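Asker: The following feature annotations were taken from TrEMBL:
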type	residues	note
DOMAIN	6-128	domain 'Phosphotransferase system enzyme I N-terminal'
DOMAIN	163-231	domain 'PEP-utilising enzyme mobile'
ACT_SITE	HIS198	active site, tele-phosphohistidine intermediate
DOMAIN	267-541	domain 'PEP-utilising enzyme C-terminal'
BINDING	ARG298, ARG334, ASN456, ASP457, ARG467	phosphoenolpyruvate binding site
BINDING	GLU433, ASP457	Mg(2+) binding site
ACT_SITE	CYS504	active site, proton donor
Amino acid sequence: METYYGHSVSSGIALGRLVRLHETDNRIKSIYIASADQQGEWQRFEQARHLARAELQHSAEVISDLLGEAQRLIIEPQIMMLDDNSFVTSVRQSIFQESYSLEYAVEKFRQEVSASFASVEDTYLRERMNDIFTVTRLVVKYAQQQNSNPKEPEDFSYGSEIQGAIVYANDITPSEITLLISSGIVGAVTAKTSALSHTAILCKSMEIPMLTGIEFGEVQDCPVIIDSYRGQFIVNPTPEVEDDFRQRQLRIIQYKTIMVSSSFQRKDTDVQIYGNVEIPAEAIHLAQYQAHGIGLLRSEFMILQMERFPRFEEQLAFYQSILEKCNYLPTTVRTVDIGSDKVASFLHMEHEDNPAMGRRGIRYSLSRPEEFATHLRAILSLAQWTDLRVMFPMVTIPDEVIRARALTEQVLAELRRENPALPASVPIGIMVETPASAMSIGAFVKYIDFISVGTNDLTQYVMASDRTSKGVGHLCNPYHPPILRVLHHIAQTAKKFNIPVNICGETASDIFYLPILHGMGYRSFSVRTPSIPEVRVVLSDLDPARSEHLATRVMESWNVEQVTEQCVEFIQDILPTELLEYVMVNKTC
């Protein structure tokens, strides 16, 4: 038995047989062909392109269902690449002028393009290189299958051998993971896959456990286990270990069932629980989990997938697809939070030495008034279907809110002339995620109707530490007493001015942190959708006096370890026995 450690991309436990992908897909058996075979080789290329196009179109349909119609753009550049003149011409010349085999001709094109992209740092252009890699690999795969295992265009499953398997590859493209999931895999492991990639999002949406950052030997067709809660990948587990994981897997399923069952129905308390949503698939379970609505709809995901700033109709269609999935529950849309680590080449943003402190969030939006107006028009149009609220990110001074609110009211007035059924106004709020806004809420109250505390960025800015830094990332910990004091100040100030306050970010999903927030006076929480059941269980039975006592005690401490220990002990004392193990196992996910 061997155990490897990687990074969790999609949480869960999976047991299955290991299947390695792409081991023979790009193996070139011959470089040259006879002149008499050139026409046949070209026809083989045309047929491979036809099958590759059909597979990508199928994947686009599946992704559209999961992520929304606008997200077909994940796949469509690859479909277009199949008909790209430079690609087709290069392969044709290699076959007819140099007598290269189809496989070698395609690989030659890929290497030439790869060399030209080698020094490119632009994220958008590098994604196009990934598109080329996907397309060339697909064409070669279908070319090689034509003699041994011809496929009809409508048959894209990997076959029965993949059902119940855990697949391993260097990387897996969105189109591939779509087919793998539909073919019945139970887990995936890769050497390199971004946690923010479309492949990762698809695995999360379909609840397929996935790990990345793992490289190991050439083993194949052996039993393996994924435990993405702990970042473990176990090869050839002993029967005892395998049995233990099967029992854990069963208990997790049972506990999840308990948490959404009638025994833990939402109680009549003053606590409200909302879901954070970025893609349509995340909204599906909100009603089942008895969420009060969407507390944070992130709007930038769809925009950052485009090759240009999306049109009104495209944005509206994306938001509508999310509302449809959750039966039009009340929704708070955060205007686009572009900047810092969320950029695309079409935005033409100037280089900044410190982008996290630069033109991002509301600063970016106000610098592009025409784009911002189109963006607001799409968001405000949702008010005809749902109880809508609009929220501005990365606010630091009241002037930003005044300008943004003025444009919002102007756009809404224009929309009402076209559709009088729209409300005369919608509530407008801000994300409190900078020290400036956190310490001066009183200056904003005349211009806003609610606030939402973004603890991820707030923690980073208060502690002056980059959460992705290996050197100082440990400082970006919300259990540090300075963060506790800032959060307490926000809650007390909101109470003083009688302004509704919601808290989102990772702390709202951290059940060990929830009693502190509850004790400070927070009663509205916006959390990761999968976390709603366990968050509801914890909050439903919290005694205000006890949680307030905990909050007072931890704010008196200047030791982060002591704060953490007190929170863990508190939860261990109050959580129902049948759920404590589940929470303890999954507390780091």
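Going from the start of the chain as shown, residues are counted 1 onward.
Glycine too: its Cβ is placed from the backbone N, Cα and C atoms.
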Asker: Restricting to the chain of ASP457 (phosphoenolpyruvate binding site) and a gap of 6 or more, list residues whose Cβ falls under 8 Å of its Cβ, or answer none.
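Answerer: Within the chain, ASP457 (phosphoenolpyruvate binding site) has Cβ neighbours under 8 Å at MET394, GLU433, THR434, GLY505.
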Asker: As a test of the contact definition, list every same-chain residue at least 6 positions from the residue listed as 'active site, proton donor' whose Cβ is closer than 8 Å to its Cβ.
Answerer: ASN276, GLY295, LEU296, SER452, VAL453, GLY454, THR455, PHE525, SER526, VAL527
Asker: With DSSP as the reference, give the number of residues of the domain 'PEP-utilising enzyme mobile' (163-231) in helix, strand and coil.
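Answerer: So the counts come to 17 helix, 17 strand, 35 coil.
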Asker: Which has the fewest other CB atoms in a 10 Å radius around its CB: HIS198, ARG298, ARG334, the listed recorded positions?
Answerer: ARG298
Asker: Could you round the CA separation between ARG334 (phosphoenolpyruvate binding site) and HIS198 (active site, tele-phosphohistidine intermediate) to a whole angstrom and send it over?
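Answerer: Between the Cα atoms of ARG334 (phosphoenolpyruvate binding site) and HIS198 (active site, tele-phosphohistidine intermediate), the distance comes to 21 Å.
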Asker: Rounded to the nearest Å, what's the C-alpha distance separating ASN456 (phosphoenolpyruvate binding site) and HIS198 (active site, tele-phosphohistidine intermediate)? Just drop the number here, would you?
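Answerer: Computed Cα spacing between ASN456 (phosphoenolpyruvate binding site) and HIS198 (active site, tele-phosphohistidine intermediate) is 22 Å.
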Asker: A 10 Å Cβ contact count, applied to the binding-site residues GLU433, ASN456: which residue has the minimum?
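Answerer: Output over binding-site residues GLU433, ASN456: least Cβ neighbours within 10 Å is ASN456.
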Asker: If I take the alpha carbons of ARG298 (phosphoenolpyruvate binding site) and the residue listed as 'active site, tele-phosphohistidine intermediate', what is the distance between them in whole Å?
Answerer: 16
Asker: Could you check what DSSP calls ASN456 (phosphoenolpyruvate binding site) once collapsed to helix, strand or coil?
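Answerer: ASN456 (phosphoenolpyruvate binding site) sits in a helix per DSSP.
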Asker: Under DSSP, is CYS504 (active site, proton donor) helix, strand or coil?
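Answerer: In the DSSP reduction, CYS504 (active site, proton donor) maps to strand.
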